[in-house]
Amino acid sequence: MNHTSQAFVNAATGGQPPNYERIKEEYEVSELGAPHGSASVRTTVINMPREVSVPDHVVWSLFNTLFMNFCCLGFIAYAYSVKSRDRKMVGDMTGAQAYASTAKCLNISSLVLSILMVIITIVTVVIIALNAPRLQT
């Protein structure tokens with residue numbers, strides 16, 4: 001409030017503070033105050049587990065299964081990813097993390113070996129194509 005409105009309120013009430021009616025619940029709370037007697041105060045502590053996100057790598061495993069399934073590593077990674085997702089749904093975060101770690105390693109292995117096989121195949125085809133005219137003569 002600014003200064004002029006305070007003067008108006010004080011003049012309207014005759015200089016006395018306004019008389020507020022006390023709410024019943026407010027009155028009862030102030031009357032009760034602190035607990036009386038020898039009853040001990042009990043506190044309850046609730047431990048809320050923090051939200052832990054365990055990646056299950058299902059999409060990556062599915063991609064490797066469909067497109068880069070070198071020696072069935074993508075399929076095995078997909079199986080471990082599904083196991084990881086199942087463990088996460090049950091609430092076993094340690095088990096889910098272990099399965100997810102295995103799925104991640106298998107996915108990396110499948111990806112690297114498949115890319116190496118593609119590169120080796122391309123290099124082999126190029127070398128054969130470049131040497132083909134020499135072989136015909």
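Glycine is no exception: its Cβ is also placed from the backbone N, Cα and C atoms.
Copied over from Swiss-Prot, here are the features:
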INTRAMEM  58-78  intramembrane segment
REGION    60-93  region 'Interaction with SPP1'
REGION    108-133  region 'Interaction with VAPA'
TOPO_DOM  1-57  topological domain 'Cytoplasmic'
TOPO_DOM  79-109  topological domain 'Cytoplasmic'
TRANSMEM  110-130  transmembrane segment
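Counting residue by residue with DSSP, the topological domain 'Cytoplasmic' (79-109) contains 29 helix, 0 strand, 2 coil. The average pLDDT computed over the region 'Interaction with VAPA' (108-133) stands at 94. Outside the region 'Interaction with VAPA' (108-133), and at least 6 residues removed from its termini, the chain residues within Cβ reach (under 8 Å) are 64, 67-71, 73-74, 77.
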